[in-house]
Every structure is written in C-alpha cells, then in structure tokens.
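As recorded in Swiss-Prot, the features of this protein are as follows:
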- 1-31: region 'Disordered' (REGION)
- 16-27: compositional bias 'Pro residues' (COMPBIAS)
- 52-72: transmembrane segment (TRANSMEM)
- 96-116: transmembrane segment (TRANSMEM)
- 134-154: transmembrane segment (TRANSMEM)
- 165-185: transmembrane segment (TRANSMEM)
- 195-215: transmembrane segment (TRANSMEM)
- 218-238: transmembrane segment (TRANSMEM)
- 244-264: transmembrane segment (TRANSMEM)
- 309-329: transmembrane segment (TRANSMEM)
- 337-357: transmembrane segment (TRANSMEM)
- 382-402: transmembrane segment (TRANSMEM)
- 408-428: transmembrane segment (TRANSMEM)
Amino acid sequence: MKSSTREQTPVTSPTPHDPTPPTPPRGSTPLFSRGSWLETRRITDVLRKETIGGALLLLGTVVALVWANSPWSSSYAGLRDTVIAPSLLHPLHLDLTLGQWAADGLLAIFFFIAGLELKREFVAGDLRDPRRALVPVAAAVGGMAVPAVVYVLVARSAGDGALNGWAIPTATDIAFAVAVLAVISTHLPTALRTFLLTLAVVDDLLAITIIAIFYTDTLAVLPLLGALAVIAVFGLLVQKRIRSWWLLIPLAVVAWALMHASGIHATVAGVLLGFTVPVLRSRAAGGPEAGPGMAEHFEHVWRPLSAGFAVPVFAFFSAGVTVGGLSGLVDSLQDRVALGIVAGLVVGKAAGILGATAAVSRFTRARLDPSLSWWDVLGASLLGGIGFTVSLLIGELAFGAGSVRDEHVKVGVLTGSLLAAALAAVVLRARNRVYRRLHEAERVDEDADGVPDVYQAPRLNG
C-alpha cells in the first residue's frame, strides 16, 4: 500500500522549504553538479587549508603594503633586495635576492602542488570524465582568453612594451578567493566550490604553460636536458613507490636549479615533478580502494608548507608597492597597463568564465543544475577575477621586478582583485539564504551512515 502511494506522489519543483532540486531532464549533463561524497570531502579539506593560507596571504600583503608606505620603506626595499648568493651557486645563475628566491624558489613548491592536483584531477577526479571536464576547462580557457583581449584593447596605446603584460590578468588565486568566501561568510554550495577549485587547477596549468612559452628570453639546452633527465629519475623513483625524502628532495632541488639555469622559469620544474607522481595505489599496495595514492600523500605533506609559508612569503616580498597616498594611486592607475589589468580581472575574467559556461550550456546537452541560477555562476566568475600570486609573478617576468611599470602592475593587480572580490561578495551574499538551505540539505543523514543522503540519491533511486 505504501509503495502504491509513493508512486502516485507527483514530483514538484523545490519550494523555499524544500531545497532538494528536481531531477534534470534525462540525457542532459548538469552543470556544476556536486560529484561524489569522497571527492566532496577531499575538496572541503583542500579549501579549508587554502582558507588558512589565504588569510596568511592577506596578512603578508597587508604587512608589505604598510611597511612599504611607512617612514621605514627603505628597510623593506633593502630586505627584499638583499642578495643571498653562495659562490658555489654562481655557475647556475643563482645569485638571487630574497625577493627572487621567493618568486623562483618558494613558488616552485606552489606549482608542485598544482602539478599534483592537476594529475589527480585527470586520473581520479572530475577531469577524467570529458563531460564533467568540459565546463571547468572551457571556463578556464575563456577566463584566460577574454581578460588577455581586454588587456590588449586597453593597453595597446601605452607603448614601451606594454603588451608584454597581456597574461597578467589571466590568473586566478584560489587561496585569495576562498579567503574572501570566509570573510563574507557565505555557505557556497558544494557544486560551486568544486567548480572553483577545478577551474583554479586548470588555470594554473594554463599559467605555467604561458610562463614557459612566452616568458623565456633565452634557452640553454644542456641545463634543460639535465633538468629533464633528473625529473625522469625522480619520476622513476616515485613510480617505484620510493618515498625517501632524503633522496627525492635533493633530486627536486637539482632539477629546479638546472631548470633555472636553462632560462625557463624554475617553477616549471615544480609542475613537471608533480606530474610524475602516481595518483592511484598499485595493485601490490591494495589498489585504489586501499586508500589515497602517493600524489594525495605528497599533497597532504606539502600543501601546508605551500599555503602557509611559500605563498604568503612571496606575497610579502612582491606586494610591497609604495603607493604614495591617493594621488599616487591615481597616478599609477593612469598607466594604461594598470587600467588594462583592472579591466581584465574585473570585466574580462567574469565575461570569459560566464560566457564560456553559457556557451557550453547553449551548444551541448549540458544544463545548469536546477539548484543553482546564473547569478551563482556570475558570483563564481567574479571570484575568478581575484588574480594575485601568479599575476604578480607574470608582472615581474613581463616588466622586470622593481621597475616603475612593475609597481604599476602591483597597483593594478591589487585594485582589480579587490574590486572583483567586492562585486563577488555583493552577488554571493544576496544568494546566501538559498546557499544556507542547500548547505543544510547537503548535511542531512537520516540513515546515520556517515554519508549525507544527497550523495546516495543516485544509488537509492537505482
């Protein structure tokens, strides 16, 4: 009798008190679906660490800005420009300042994590399924291409190599973005958080590709071949499941140093090293069901160092621009390079990510998840306009660290990122009541098995 009654109950659209979305049309692929419970737990853990890292990044940025605009600004510049160069390292061109060590050395750890994340996404995450990968990949490409075009349109009349900075507004800083989410205290749905993290991973790949191809002035072949050989040895060892840090860390350092000597930015070595690490457990170790693989293990070990130290220290040494008060800020923003960066981050990023997502929805069978609206996509797209770490790095490569134009780049990146964050906060806060209902629905576990019911729906319906 119960079964008959259940079959006659009509399916209705969600009401304000029923946040469970209706089932998408058969044959369509939902955009921004929440994914599996295991993937959601992993992403939640990653974003929790990135939130702490984002807070430290903001702290490093604020300290640098205050110090650089204080009466003691010369001491900040002196610290940043202090050369740490043992004579043994001179043949490898490693006579670097503290600021350069942060950009070339510490950020290699950040890009090593990016390499691990990217490989994991392609092997065991959302990107392994072409249908699920289509949206974040298209959004990342749109979020790179449109800001670059906007920058070129704004800055093309500036001259003096202004177009060298076309890639500056193409990057997204996930740590900064999740720090903004923490500040505005919004219950962003799991599906959007997953999209943001996956977008940032693909974004990092595009950024490092741009750096390697477009910002390499000279190329020394022998050091490059040496770096690739050492990376191959590193890869062989990790494929054999060797985890001895006393062996792997020296190899990674040698690969980094040789990559730096080759003329290619040393952070590229970090990504390539990350790509070599296996994601899944071997059959001898019990297979994928036995637990996380080596890539996830390495990520757990190194992410706190990346998010909690490497990126904040880089921000401290890179964000310290002497603004000179309101008049100095206005003067900096009169440079069309700075204006192009602001326009690229605020307008270009949002238009590129939102437009690419809409195009996927328009020209494929993919449809927006019923629990979300296009306002949510706009909010996530605006968050994508928070470009900081990689944007500052590309600015230094494009115009030279410490140059006048590099100072204007810093002002543009800071201004554009703050504007994008403010606009995202307005849009997402307006939807926070909806997000809170979705968040509560995603926590319901009526059968008390430790897995929220929404993640069991496909199995139960089957």
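Here the Cβ of each residue, glycine as well, is placed from N, Cα and C on the backbone.
Given the structure is predicted, the values throughout are model-derived calculations rather than measurements.
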Residues of the parent chain within Cβ reach of the transmembrane segment (337-357), under 8 Å, 6 or more residues beyond its termini: 31, 135, 138-155, 158, 162, 165, 168-170, 172, 199, 374, 377-378, 380-382, 384-387, 391, 399, 405, 408-409, 411-413, 415-417, 419-420, 423
The transmembrane segment (408-428) vs the transmembrane segment (218-238): 3 or more CB pairs under 8 Å: no
Interface check, the transmembrane segment (195-215) with the transmembrane segment (96-116), three or more C-beta pairs under 8 A: yes
Among the ranges 165-185, 218-238, 309-329, 382-402, the one whose Cβ pairs under 8 Å to the transmembrane segment (96-116) are most numerous: 309-329
Intrachain residues whose Cβ lies under 8 Å of the transmembrane segment (165-185), provided they are six or more past its termini: 47, 50-51, 53-55, 57-58, 143-144, 147-148, 150-152, 155, 196-197, 199-200, 203-204, 206-207, 210-211, 214-215, 307, 311, 337, 340-341, 343-345, 348-349, 383-391, 394-395, 398-399, 405, 409, 412-413, 416-417, 421, 424-425, 428-429, 432
Cβ contacts under 8 Å made by the transmembrane segment (309-329) with residues that lie 6+ beyond its boundaries: 53, 56-57, 59-61, 63-65, 67-69, 73, 76-77, 80, 98-99, 102-103, 106-107, 109-110, 175, 388-389, 392-393, 396, 407, 410-411, 414-415
